[in-house]
Amino acid sequence: MTVQIDHALEEIRRFRPSPEFAAQAVADEHLAEAARTDRLGFWADQARELLDWEKPFTRTLDWSNPPFAKWFDDGELNVAVNCLDRHVAAGLGDRVAIHWEGEPGDSRDITYAELTAEVKQAANVLTELGVGEGDRVAIYLPMIPEAIVSMLAVARIGAIHSVVFGGFSADSLASRIDDAEASLVITADGGYRKGKVFPLKPTVDEAIAKTAGSVQHVLVVRRGENEVPWTDGRDLWWHETVADASAQHEAQGFTAEHPLFILYTSGTTGKPKGILHTSGGYLTQVAFTHKNVFDLHPETDVYWCTADVGWITGHSYVVYGPLANGATQVVYEGTPDTPHPGRWWEIVEKYKVSILYTAPTAIRSFMKLGRQIPQAFNLRSLRLLGSVGEPINPEAWIWYRHVIGGGSIPVVDTWWQTETGAIMISALPGITDLKPGSAQVPIPGISVDILSDDGTPVEGEGGGLLVVTEPWPSMLRGIWGDPERFKETYWEKFGDKYFAGDGARRDEDGDIWLLGRVDDVMNVSGHRLSTAEIESSLVAHPWTAEAAVVGASDETTGQAVVAFVILKASQAERINDPAEASEELRRHVSAQIGAIARPRQVFIVNELPKTRSGKIMRRLLRDLAEGREIGDTTTLADTSIMQVISAQVR
Ligand code: WT7
């Protein structure tokens with residue numbers, strides 16, 4: 001089926017923007033031209049046009065000490081003021097910043113004036129709690145307005161936020177609190193998910209008990225109304241502090257390179273990396289891309305990005321990009337199918353959403369449910385669709401454009417990463433002829449290339465490794481507390497070119513196609529997971545002797561976690577049902593890391609395929625997990641081993 005449609009697309013795979021769309025589009029040919037003529041001048045212009053500076057910068061880029069870049073570094077700005085106060089000062093205080101929709105159906109419209117006031121109140125409370133410039137604040141909240149308020153309040157006082165996705169376990173939260181030595185945790189009693197309240201505060205308590213002791217206070221938003229444990233003196237209610245605080249707060253400017261946030265993401269080792277982003281360059285590129293890639297007309301558009309603020313997409317395209325641009329957006333707390341499978345489309349209809357940004361995995365699960373569900377709602381307000389997180393297969397692209405978009409509106413596939421901070425490769429709607437399945441072209445001001453393993457550029461249409469060849473404003477500035485790992489991971493392979501970890505190829509038109517990760521990082525529902533991290537979790541279980549994890553392709557989630565586990569001989573006797581053992585191990589990983597890491601399958605086996613030097617050959621396990629014929633086994637120490645394992649798995 002997929003093959004047929006992909007094949008049919010060979011003929012019709014370019015979609016020219018409609019003349020009506022092109023005529024009103026924000027981005028024009030001059031942008032790309034300006035960036036080509038003077039790349040740094042182009043970014044300096046964007047930084048001045050899109051942002052308000054307390055102190056103007058005179059230097060655009062300092063790349064004298066690669067890979068440590070400095071952008072606009074003699075300038076000063078306040079990120080929160082750029083997202084809030086300046087819009088109010090410009091007379092836009094009554095514009096809705098956030099149409100917030102709770103999962104149970106409660107809702108709240110928050111104007112720019114109201115959001116500004118609440119951020120000022122929260123900033124005052126943070127200061128009272130002793131949080132100052134450069135201090136770290138962990139945020140562990142559901143998708144409620146207070147999550148956005150908290151991030152902006154932290155930014156406003158020059159502290160550094162570390163948002164931890166609410167689905168992560170106590171262990172994951174604890175290690176993030178410890179790594180950043182956070183002094184404050186902002187959380188909620190609980191939040192709504194799939195019709196139920198899931199508790200957060202008890203997880204925070206459990207996490208703090210496991211930390212080295214940096215946390216001084218816990219600020220708790222009341223949302224779920226669930227009973228929570230309480231530590232007097234340490235814990236404070238949001239509604240008893242922030243709600244009563246003064247809404248007067250003079251913000252000061254910080255230098256452009258002042259740290260804004262740390263966000264943890266999985267790498268090739270077991271330990272997540274704290275990706276560090278700073279202020280001026282980051283805000284410039286997220287504002288620029290949010291405006292030009294999504295063709296934002298802030299006076300009329302209603303924008304909705306479905307990502308959680310626990311991920312980079314939520315940071316850049318729920319919080320900083322849209323608010324810097326004065327956009328009106330929808331924020332939704334819950335899951336797409338609660339209380340009914342048309343919930344998202346009901347929200348699009350209710351708020352007349354015009355720009356929708358979501359992930360291929362969501363699109364594929366809607367495809368599975370059938371078009372009659374979205375078709376029961378009026379989706380005619382939509383005029384642009386975006387995709388992010390993993391390659392979007394042409395079949396899903398076409399379905400998205402036709403069933404959700406009504407057949408003629410642009411779909412932009414945006415490639416970027418936690419590390420890049422903002423969109424790097426995407427069509428520009430109104431200019432680029434769209435090609436389903438391809439992320440297409442670097443945005444203006446961004447230079448990428450495809451290299452072979454030895455560093456030579458790949459000519460023609462062959463595949464290779466994606467690199468960014470020039471520093472960019474929203475690039476990561478490092479890994480928190482680990483400059484060596486920063487250099488090693490991204491800069492060792494190709495010198496001063498950034499190695500993204502993705503395979504890619506260029507087609508005959510020069511459009512870029514992403515081919516997935518080339519390292520031991522999996523992509524499950526657009527979220528990054530490390531094979532090493534899940535393997536060490538499995539090995540930490542008392543029953544496990546050895547474990548190997550692979551990402552196997554999955555129709556809905558892109559990839560799925562599949563584990564192969566050898567039980568300890570001492571335990572194998574006791575466990576009479578392998579199904580029970582595999583269930584126990586799945587539960588264990590979910591509890592240790594978070595539900596997103598729960599393996600789809602855990603196969604209990606007696607052996608793992610290894611080379612003579614003892615390296616596990618995951619490639620062969622992936623063949624097995626995907627039901628393919630097993631590939632070349634000649635380098636195995638014991639070439640018959642795959643037959644034994646296959647028999648056990650089937
Ligand atoms: C990895 C980054 C960027 C926000 C969400 C994920 C994959 C991301 C695309 C795309 C093909 C994509 C890459 C990348 N990826 N967007 N449009 N087409 N692949 O952020 O968790 O940092 O993951 O997601 O493999 O390296 P992340």
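Just so you know, glycine gets a Cβ as well, placed from its N, Cα and C.
Note that the structure is a prediction, hence the values are computed from the model and not measured.
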Given TrEMBL lists Gly389, Glu390, Pro391, Asp413, Thr414, Trp415, Trp416, Gln417, Thr418, Asp502, Arg517 for ATP, the same-site residue among Arg401, Arg485, Arg528: Arg528
Proximal residue to Gly389 (ATP binding site) among recorded positions Arg193, Gly195, Thr313, Val539, Lys615 (C-alpha distance): Thr313
Secondary-structure category, per DSSP, in which Arg517 (ATP binding site) falls: strand
In three-state DSSP terms, the structure that His541 (Mg(2+) binding site) belongs to: coil
From recorded positions Arg193, Lys194, Gly195, Val539, Lys615, the one whose Cα lies nearest Thr418 (ATP binding site): Arg193
Cα within 10 Å of Lys194 (CoA binding site) - qualifying binding-site residues among Trp416, Val539, His541: none
Other C-beta atoms that fall within 10 angstroms of the C-beta of His541 (Mg(2+) binding site): 19
